[in-house]
Each structure stands twice: as C-alpha cells, then as structure tokens.
C-alpha cells in the first residue's frame, strides 16, 4: 500500500490537490492519503489540589505501584488518608492499598470478588468524582512498613484508571508524611506517575477512493430481503482517534477508534417507523460529484416493511465545521475536531477509478 501523509498545518487556503486510485486495485497514484491533525487533548479530571496528581496509568495487564517505607516504631496509632478519583472496570480490575505486599481494608474497599480477580480488599468501579479515602494503619504500630498503592488490570477493557492526590500519613495525631504531587515525590513510583489529569493522543483522517471494482464489487449489490442495496462510490473519509482503543459507539456515541464520516446526514426509516440500522444510513456516505443513489429495500415477505431513500444530492465537500453527528441515531454519527479543513472532490477519471481531491482551508 502506498500513500501520502500531509500535516494539517501544511494545508493552506490555496489548497493541495491529491490523486487517489480506487482502493481495490493497485495504480500509480495514492492508495490512501493521511491527514495528520494537532494532537487531541482529553481532560480526564482536574487534580484535587494544585496542578498535579498521581496516576496509575491506563491499559491492559498492568501491575503498577507507588511505595514508601513508613516508620511507625514509636507510634501507637496511625492512618493513611488521600483524595482519589477512579474509573476502574467493575469487579475485573482493582486498585488497592497494601502493607508489606498485602491489601488492607479502608472506607472505599470491597471484599466482593465475583470473578476471582480481587487482591482481597479491592477498590473497583467508579468513584464519580473526587472522594476521601481513609485506611487505618494502627495494626502496624511499633513497626517499619512498606506502604504501597497498587493498580492491577486484566487482559481486556482499559478504563481511565486510578488517581490519587494529597496523601498524608499521621501517627498519634502528628503528620509524618505529606505528598500533594506538586514537588519531589515522597513515594517511589513504579508505574505511577505525576499527571495533570490530561492526556494527548494522535488523531488523523484517512482518505480513500472506493468504487465497485475488485474486492469492492460486492458493495454494488448486497442482498437485503427481496432487494439489493449498494454503497455509493467516491471519496470515503475515515476519522481515526487514538484516544480510544475500541469502537463501542453504544457506550460513547459518535466516538471511537475508527469511524466513517457520512456525507449525507438524512435519516432512513422503515415503513413501520423504525429507524434503519447504521448499515442502512451509510449507503451514501461517500463524497462525490455524482448524485447519491436512490435505495429501496423490500422486506415485505419477512416483516411487511420496506425502506426507501429517494433523496439524491451531490455531496462533493467535506467540511470539518459541519456537524456529522446524529441526534436521532447517535452511534451512526461521527464526532470530529474543527481545524478549518475542507476536502472537495474536484474531478475523477472517465471510468471512475481515480479521484482528484482538493485539500484546503
């Protein structure tokens, strides 16, 4: 596969023309064009105090910790307190407070372990904002202990993770450890890190020219009930968002790792009033100089319904200031950033196998 990568900052009002060969066959032009966008900033939370907090990291198969030796040899009672914000996969992933490698109970822990994943006294689920955590250390009075905060995850489903701030250890009412994440860490960080509650990720567009040739021939005649449907050829615009690792649009409508931008935002409904599924909304998703095709789906012998799309319009222009989300069918829409970008189909070869696209602001 060959193609061109263009940074959005290099696109001007004068514009840049690119040629795209049909995706299904190898030609002499671009198979695809990638448009790199400014990194996306995502705010997960705001630190409980100051500018920084400690963050466990987010991902699969993690075992991260932050640890400090605490001297309680002359204490008769002690406790750990901190602020915490977490979104952890319920009953599958766990944070914990540990003393000498063993989890201890606190006001935010649970011993419930339906999936045999818990460290014993685990922190799981959603804190729904910053909350106060308290752990009694009095059982360790007279000892030196290794105090740790740990975050452990399994092989699937990575949620935002575990954040802590304003950690304090008091012994006999006297504060002996204080760490608000603003200065040099009082704890040794093993996977945890100082964080601002924000992260930056890559995002970009992928442009393809899709036709009804080669392996894409099937897009021209897909059996649906007693009828055939087709997906219109033309410029297909994908938006890739690395802040997501999946496409669960039912959970986060309009967002996900990879999504198609639909040139025609009109909603198709069955004759019984039901919404057509996403596959029946994207028949005219391509941007093109040609009018979009009409569609008629005949399911009368199955459930008595039909679906008609008689709206035909030329949609040659992608404009990132337009709204490509869908209030009616949210998981069929696509959220995109606004960077002042426009992609216009300005020409195509006589046989439709090559498209010319102007990229401009």
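Backbone N, Cα and C atoms are what each Cβ position is placed from, and that goes for glycine too.
In TrEMBL, annotation is done automatically, which means it is predicted and not curated.
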Would you mind telling me which of 63-83, 84-104, 105-125 TrEMBL tags as region 'Disordered'?
105-125
Over the domain 'Immune inhibitor A-like metallopeptidase VEG' (202-357), what does the predicted model average in pLDDT?
95
If you run through the compositional bias 'Polar residues' (105-121) with DSSP, how many residues end up as helix, strand and coil?
0 helix, 1 strand, 16 coil
